[in-house]
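Only one structure is covered here, and it is reproduced in the block below.
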Amino acid sequence: MKSYIEPFIASKALSQNSQKAYRYDLQQFCQLIGERVNQDKLLLYQNSIANLSLSAKKRKLSTANQFLYYLYQIKYLNSYFRLTDTMKVMRTEKQQAAIINTDIFYQKTPFVWGQLISLLILELGLTPSEVAGIEVANLDLNFQMLTLKTKKGVRVLPLSQILIPFLEQQLVGKEAYLFEHRGIPFSRQWFFNHLKTFVRSIGYEGLTAQKLREQFILKEKLAGKSIIELSDILGLKSPVTLEKYYKS
């Protein structure tokens, strides 16, 4: 990709000083991106310039975007990529959460509601609101699929074999939602209370829905999922919030 820097600069009417600035910025850009452009690498570049002054950041973004468009025009790139200055870059935490042993989450318990809530988060990476919105009609246990409909769109998620018995048990007598009373979904506080009671009963007091979801993220990353793949699974608009898990 570096070999296209000079033809790109030559295609623009630039002063000598501007040419030097373009050349410097693009050499840095190509050094980080390499020969293959993808969203993950662009996010890394976004991070690398995050602490620059606003004017310097805008200059580098503008230069990189012009170069990306040029590469797309000459068909070096099959897709058009664009960096934006509105992307929020997450700071890397010094200590990432560790993967916990979740075997105890699957053992028999009297707190079956809280158990199923926690398993749906652990197994599928759902948020509490997504768990609350699971409709009976969108659960296909024969084909082991959940169709999740939210304001962000529709996602089809595979259900693991180990999750099926827990779902079968709680589907009995349900009219509209997996978690309901006479067809009306339970409140947000209801979910919070049942989850809190269950995790406390198995010795994980303080383990929140957010931390359970983080366990899903860590396991999927360990399984080899890319940041883009994981972002799609979670239904995120952007993978930016996942960056901290992909930094070494």
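Each Cβ is built from the backbone N, Cα and C atoms, and glycine gets one as well.
Annotated in Swiss-Prot:
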type: DOMAIN; residues: 1-72; note: domain 'Core-binding (CB)'
type: DOMAIN; residues: 85-248; note: domain 'Tyr recombinase'
type: ACT_SITE; residues: LYS149; note: active site
type: ACT_SITE; residues: ARG213; note: active site
type: ACT_SITE; residues: TYR245; note: active site, O-(3'-phospho-DNA)-tyrosine intermediate
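Remark: of the active-site residues LYS149, ARG213, the most isolated position is LYS149 (fewest other Cβ atoms within 10 Å of its Cβ). On the backbone, the CA of TYR245 (active site, O-(3'-phospho-DNA)-tyrosine intermediate) and the CA of ARG213 (active site) stand 13 Å apart. On a Cα basis, ARG213 (active site) lies 19 Å away from LYS149 (active site). In this structure, ARG213 (active site) is part of a helix by DSSP. Here the domain 'Core-binding (CB)' (1-72) is broken down by DSSP into helix, strand and coil counts: 56 helix, 0 strand, 16 coil. The secondary structure of TYR245 (active site, O-(3'-phospho-DNA)-tyrosine intermediate), as reduced to three states from DSSP, is helical. Using a 10 Å radius centred on the Cβ of TYR245 (active site, O-(3'-phospho-DNA)-tyrosine intermediate) and all shown protein chains, the other Cβ atoms total 18.
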